[in-house]
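Q: Following this message is one structure expressed as C-alpha cells.
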C-alpha cells in the first residue's frame, strides 16, 4: 500500500501542476500550441480544431471523439483529456518498469540489473520532464500516438501479444511511423510468451499471427475511417501522404524541412526515398545485433524517430526520455553524458531565441534556426549512440567479467 | 410604281438599319473635386449572333472573336487595373463597380464544357490565348489561381441559363501583374479606329498609367432583345481613370514640379498661423480650369463612326458640371444640355480636331459626388512571418436601410486560413454576432493544387460597421517557388463584394448589380536562405552520416580490451618518432663529416 500512496501522490501532484498551468495561465496553452517545437503540421492542435470544423484533416477517427464535446466545455475538457493521457502514459511506464524487462529479458540478464530506479521514479521522470509538460499544455495529437506506443509495450511485457499488436496498429494508424516498431515488438511479445511457457512456441507461427493481427487492426481502423468519412478515401493522401511526401515544410526541430526547402526539384523524390530508407534502415540492424534485448531496440528506435522522422517534435523526444530511465543501470557506462546533456540544453534554450530572431525580429535568417536543429539532432544522436554503447558494453562484460572498468577498443 | 420604289427603299433602309452592326463611343468627364477628374471612356460594338458565328467580323475584332469561339467562351470579362479607388473623397464608383477589376489583372468567363475538367481545359486555352493577345501574364492563371464562384457573379448575357447549357463560370486573378502600356496598345487595336480617331485618340499610356486610379475592361456578352428579334453579340470596352489635374497639366518635357514664385503665391488666410512669415498655399485655383490637350496631351482627333443609321451625329463627349459653369469649345461641335442641369454633351464632327476648355471664369462649382453604398477596407493583423490575421471593416453608411452582400475572397494555398476562427461582429459590440454571416461557402486549399475560396453572405444593419476577422498560418515554400524578389512578399487578390438588391425593393430585379473591390494585400512569407542549397545538403547529410556512423560502428564492430590489441600508444609512438629523427640527424651529420674528409 506504500507504493500505492506514493503513486497517488505522484499522480495528483503531476495533475495539479498541469491544472495550474492550464487554468492559471489561460494564454499558455495557445502560446505553446503555436510553437513549432511542439506542434508540427501533422499534430497541431489548431489544425485539429480546424479539422473538427471542416471534418477533413488528420486521421479521421480522432475527429468524432472531439466532435462529441460541446463547444462551451471544449477547452476545459480537452485539458482534462490531455492530463489524463499523460497519467495513462505514466501508468504504462510504471507497468513496464515493474515487469523488469529492461534489466533481464528472456535471453539476457544484465549484471547491473539491481541498480535500477523503481517504477515511481521512472514515472516521475516522465511526468515532471519539462518537455512532457510543455507537450501536454500544447495539446498536439502526437500524445495519442505516444500513449498508444507505451500501451503496446506494456501489453507486450505483460504477455498479452494480441492486445499489444492491436494497440500498435492504433499507433500506426494515427501517425504511420510506429509501424517500424513492429519487428522489435514481435520479438518482445515472442520472448515474453516463450518465457511464460516452458516450451518455446513455433517462431514462424507466432510471427505470422502477430503480423496478421497487426494488419487486421490497421485494416479495421482504415475501414472505420472510410465509413465515418462517408466512403471517401481522399483523407489517405492528406494524412499519410503528408508523412510520406512532406508537402508541408513548416519548420520543426527535425532535419527534413530545411533540407527539402533547399533541395533541387529533380532530386526531391530521390532524397525522400533516401531519408525514409535511412529511417527504416536502423530497424533490422538493431533487431539483429540486440536480439537479446528487444525492449532496448524499441527505446533506441524511439530515439532515432525523434531525430529523423519527417515531422518530429519535442513530444517524440519526451517519449524517448520516458523510456531511457528504464535503463538506469547502464548510465554509469555512458561516456559523453555531460556533453550530450549540455548540447540538448543549449539547443533547448537557443532554439526559441533563434526562431524568434528569424521569424519575428527579422535580425536573423533561416540558417539560425536550422543550425540549432542540427545541434539538437547531434545532441540526441549522441545520447542514442552513447546509450547503445553502454548496453553493448554491459552485454560484453557478461562474457568478459574481468574487463569491468577497463579501457576497451572496437575492432 | 412610285409606291413600290418607296417600299423597296424603306425595305432596303430597314435592312440596312438591322444589318448595320452598331458601334458607339462615349467619353464622360466628371470632375470629382477640384484636384481630380474622372474620365470614363466607353466603346460599344455589336454584331448579330449569326454573323459572329459565321466569322463575319466587322466591329467585333477578329482576333478576340476567334479566341472566344475556339475556347467556346460565351461570356468574357477581362480587367486591367492599377491604383486604389478612394471612395472617401471620390464617392461611388463609375458603372456601379461593374466595369472595374481588382489590382492587377482579373478575368472571369462562362465556358462551355461537358465536365469540370473539360471546362478547365478550355479555360486554360482561353488564358493562354488572351495572354498572347494582351501581352499579360494571363497564362499564369493555373489551378491554384482559378476558382468557381458560387454567388458572386451572375451572367450578364440575357441568353443563357448557365446550368442547362453546360456553362461553367471560372474566375482568376493576378494581383501581382503590373498593368502598363503593353496592355493598352492591344486594347486600342481592338477598336475600329485603332485609337487614331474619336475619343480613343486621347488614350495615351503616359497619361493613363500616370493616373491615380485606372481600370481597363473588356466585356463580351450575348444579348437577346425581349421582343424576340435576333440575338446579338455585344462587346464593351471601358477605360476609367481618375486623373490628378495638376499632375496631368505638367508639361511632358518638364514634369518636375517647381515651387510657385512667392509673388504668385496665394495664401490660405483661414489658417491660424497665416501671417507675413507663414503661408499655407491656398488650393483656390487648384485644378480649376483645364483643356483636353492639357490633361490628355492632345485634343480629340475628330470622331470615329459617330453617325448613327440616320446620318445624325451622336453625342460622344459629355462633361458633368453644373450648367452655370462655363465650358468653351474649339471646333464645330453640337452642344446638348441635360434638363437636370448637371451635364452637357457634345456631338463631334468627323474630321476636325475637337478641344474643350473648362474655364476658370464663372462660379467654380462641381456636381456633388454620390455616396457609395458600402465602405470596405481589408488589412492584415499581427506581426511576424509565422501567422497572422485578416481584418475587413465593412461600413454601411446608410442611416435607414440594411444591406446584404456577397463577400468573395480567394487566397493563395500558402496562406492557410483557420475557418473556425472566422468571426463577424459589430464594431459597437464586443462579442460576435452569429446573424451577420448568413451563409458560408468554403472550399479549402490543397497544397500546390488549389487555393482557398471563401464566399460569405453578409448583412450589415443600417448605420453600423462590421469587422470580419480570421486567423491564418503562413506556409514556408520550396526555395524554387519564391519569386525573384522573395522578401517583397506575395500579393493576395482583392476581395470582391457584390451588393445584393435590398429586400425592400426586391421587385426591381432589373436593378443593375453593384460591385466593390478592396485593395490587394501584400503577404510576407518566411524565406529560407537562397544561397544555401549546397551547404544545407552537405550539413544535414553530415549530421545524418555522423549518427548513422556512430550507431552502425557500434553495431558491427567487436569490443576488445585496450591492452589486448596493438593500438595507438602515444609514448611508444613518441619514442619511435624520436628514434627515427635521431637516425636521420645522424645520417645527415655523418655524411657531412665524410664530405669534409674527402675534401681534406
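Every residue, even glycine, has its Cβ placed from backbone N, Cα and C.
Straight from TrEMBL, here's the annotation block:
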- A:7-25: transmembrane segment (TRANSMEM)
- A:73-94: transmembrane segment (TRANSMEM)
- A:115-134: transmembrane segment (TRANSMEM)
- A:170-190: transmembrane segment (TRANSMEM)
- A:202-223: transmembrane segment (TRANSMEM)
- A:235-258: transmembrane segment (TRANSMEM)
- A:270-288: transmembrane segment (TRANSMEM)
- A:333-356: transmembrane segment (TRANSMEM)
- A:368-392: transmembrane segment (TRANSMEM)
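Could you place the listed features in the three-dimensional structure?
A: With a cut-off of 8 Å between Cβ atoms, the residues of this chain six or more beyond the transmembrane segment (A:7-25) that come close are 76, 79, 82-83, 86-87, 90, 94, 120, 123-124, 127-128, 133, 136-137.
Same-chain neighbours of the transmembrane segment (A:170-190): 42-43, 59, 61-62, 101, 141-142, 144-145, 148-149, 152-153, 156-157, 161, 164, 201, 203, 206-207, 210-211, 214, 217-218, 221-222, 240, 243-244, 279-280, 283-284, 286-287, 291, 294-295, 297-298, 301-302, 305, 309-310, counting only residues six or more beyond its ends whose CB sits under 8 Å from a CB of the stretch.
Counting residues 6+ beyond its ends, the transmembrane segment (A:202-223) has Cβ neighbours under 8 Å at 61, 161-162, 165-166, 168-170, 172-173, 179, 182, 185-186, 189-190, 193, 236 in the same chain.
Cβ atoms under 8 Å from those of the transmembrane segment (A:270-288) belong to residues 177, 180, 183-184, 187, 244-246, 256, 259-260, 263, 294, 297, 300-301, 304-305, 308-310 of the same chain, restricted to positions at least 6 beyond its ends.
Under 8 Å from some Cβ of the transmembrane segment (A:333-356) lie the Cβ atoms of residues 35-37, 251, 253, 364, 368-369, 371-373, 375-376, 378-380, 382-383, 386-387, 389-390, 393-394, all in the same chain and six or more residues away from its ends.
Long-range contacts of the transmembrane segment (A:368-392) within the same chain: residues 251-255, 258, 289-290, 293, 296, 299-300, 303-304, 306-308, 317, 320, 324, 327, 330-331, 333-337, 339-341, 343-344, 346-348, 350-351, 354-355, 357-358, each at least 6 residues beyond the stretch ends and with a Cβ under 8 Å from a Cβ of the stretch.
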